[in-house]
Every structure is written in C-alpha cells, then in structure tokens.
Ligand SMILES: Nc1ncnc2c1ncn2[C@@H]1O[C@H](COP(=O)(O)OP(=O)(O)OP(=O)(O)O)[C@@H](O)[C@H]1O
C-alpha cells in the first residue's frame, strides 16, 4: 500500500501543499511548529479515522478559512484509488469519485499505522493506555472482538452498579452471581482473543526491537491477567471455571472497594529489556524504541490481515535514538512506505533510498537530496 500523491488546502497551517512521496522512505524535516505533524495527520485522515491528536474537527481547518480539503491518490488492493475529504462548509467525502456519507466509509481502503510521541505513554503510563493500545489493534483485524469487549464492559458496568446498590439493598446480593456468570463467559472470550493477538505481537515486537538495538538487547513482552502463564493453555470451560473461582475469591474486596476488582478489565502488559521492566528502568531511548517496536509490530500484524503493508507514519520518532537505531528505522523497514518527521537534517545523510522534504511555515518542498 502506498500514498502516490497528496494535495492539501487550508488544513491547519498547511495552506496549499501538493506533493508526490517516494514509494519507500520519506523524511520531512524542519524546525518546530512548521507543520510536519499536521502533514502526518492529514495523511492519517485518509484512513477514515479521527485524528490521533485530541481536539475538535474544526481545529483541523485553518484559522480564518471556511474549509479544509485533503485529497490523496493511493495504490491499494492492486489498483490506483483516490480519496478526498472536505471539512467545514460543504463537507463531503469521496472514495474513487463516489460520494460517501462520512469519513468512516474510507476505513479499510487506505491503511496506516501512526507513531506519535503521545504513544510513549503506552510504555510510560498506566495500564489503561496499554489495554487501549492492545484492544484498538485487535479491533482493526477482529471485528468480533469489538462486540465481545462491548458486551463485557456492559456486564461489568451493570455489576458495578449492583455492588453500589447493595449498600442500600442487601437483598440484591444473589443477583451478583448472575452477572458473574456473564462476566466469566465474556471475560474468557476477551482474554483468549487478546492472548492470541498478544502472542503474535510479542513475536514481532521482539524481532523489531532486536533489529533496532542492533541485536544488543532483548525485549520480552509479558501479559498479566486473571490467569497465570501456566493456565493460559487451558480450554475455555476450564478458564471459565477458574475465572469464576477468582471472582468468588475477590467478592469481599469488591464489596469493600465498591467495584469489581478482578477481571480482564485489569489486564496489563509489561515490557522487559534484559529482564528489567522498561517502564521503571528503561532509558528514554529504550522506552521510545519499545513504543515504536509495538506500533511497527501492529503494522506488520495488520499486513497479515489486509495482505499488504500499511503506510507507516512516524512522527518525531528520531529524538533520543542513537544513530544505529535511526539507521534501522531509515533503512530496514522493508516493504513499507514510511513517513518520518524530524527537526534536523542528520537522518538524511544516513538514508539509503528515499526522499527528503523541507517543511517551513506550512510550505513543503523537496530538499534535493533524492537517492533512488
Ligand atoms: N487550525 C489551524 N490553523 C492554523 N494553524 C494551525 C492550526 N492548527 C495548528 N496550527 C499551527 O500549526 C503549527 C505547526 O504544528 P505542527 O504540530 O505540525 O508542528 P511540527 O512541525 O510538527 O513541530 P514539532 O517539531 O514542534 O513537533 C503550530 O504552530 C500550530 O499553531
């Protein structure tokens, strides 16, 4: 999959941008606040998803302008295609010239994986962000996971509401068993789908991390859940039985806390480098490398599902990485079209095949250092 051309009009600070990227690596460099992330974000918008940055849709439209337009031509599913989005006045979405109701209709046509500095929080911050990353990645390739997760969350919310009601009405106590039974079934489904994805993710992330670190470091991913490592091989009925047992054991704690303290809603991932937890002991460069390895692994798993490599959008990925890690990103992400933003020209010197562009005050120009 590759982006063949992009045209932007009135998108954030990018008044008028037209460019033809390289099929391999594209470096977009420039000082801070010139529009590099805006460009990455505009490419991402063609996937039909919401921006990966917080904010409202109208923030994407250039201040003072009535509308923003993103037009892309891309090669996917063995054919040349086009997508266009107009935001603001006369909003509209077209895919291959056909009018669509909303941007979500573009989903699945043009696929990207994005790394932005905010993704460092997967490694650095709380378990919720790690679960969100894992669940989001699974949802892209297993639509049935969306239903299982939704049903689990609903049952959990009902059980939590019941636990609160029990303070006022102890007679409702027996109802807990009804919700627990539902949670066991749904919890095991969620667990098994996460676990399957996790196995493939850890394999890819480990390989990518090894490449990034030049084979000097080993990344191991751990999945912490209701079940111990030995128990993961059990079949669904056995897991449900164990799950039920764990919920039973947690009952007192649940009533004291006022919510359900055990279940797959508390699952977490750990990233070990040389046996040490990267969240607690990792350097800035190691944490960034782990976050990047996870996002690239997500991309390669998406490739197995859609049959072609998604476009990799890597925003501000080079900071804190030594030249050998930068070299891996620039020259070893095989079979992928990659967009990399950075503030200085140094990575261009290392680029073997690709093209560099200079971004200044929302204007993009090729920087004349092309090598093919
Ligand atoms: N709707 C908008 N209209 C006009 N300008 C905007 C709009 N939204 C954002 N900007 C401006 O775009 C500028 C560039 O932002 P961007 O995040 O792309 O910078 P960057 O080149 O990636 O910088 P850094 O290297 O610091 O990450 C910012 O100065 C911001 O004020």
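In case you wondered, yes, glycine gets a Cβ from its N, Cα and C as well.
The domain 'RecF/RecN/SMC N-terminal' annotation in TrEMBL covers 3-350. According to TrEMBL, the ATP binding site annotation covers 30, 31, 32, 33, 34, 35, 36, 37.
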(Q) Near ligand 1, meaning Cβ under 6 Å from any of its atoms: which of the binding-site residues 31, 33, 37 fit that description? (A) 33, 37
Q) What other residues of the same chain, not counting 30, 31, 32, 33, 34, 35, 36, 37, have a CB atom within 8 A of the CB centroid of the ATP site? A) 341, 343, 359
Q) Do any residues at least six apart in sequence from residue 37 (ATP binding site), in the same chain, have a Cβ closer than 8 Å to its Cβ, and if so which, in order? A) 53, 116, 315, 316, 341
Q) Of 32, 34, which of the binding-site residues has the most Cβ neighbours inside 10 Å? A) 34
**Q.** Count of other CB atoms lying within 10 Å of the CB belonging to residue 30 (ATP binding site)
**A.** 23
Q. Which whole-number mean pLDDT does the model give the domain 'RecF/RecN/SMC N-terminal' (3-350)?
A. 95
Q: For residue 33 (ATP binding site), just count the other CB atoms lying within 10 A of its CB, please.
A: 11
**Q.** Neighbouring C-beta atoms (10 Å sphere around the C-beta of residue 36 (ATP binding site))
**A.** 25
Q: Would you pick out, from the binding-site residues 31, 35, the residue whose Cβ has the largest number of other Cβ atoms within 10 Å?
A: 35
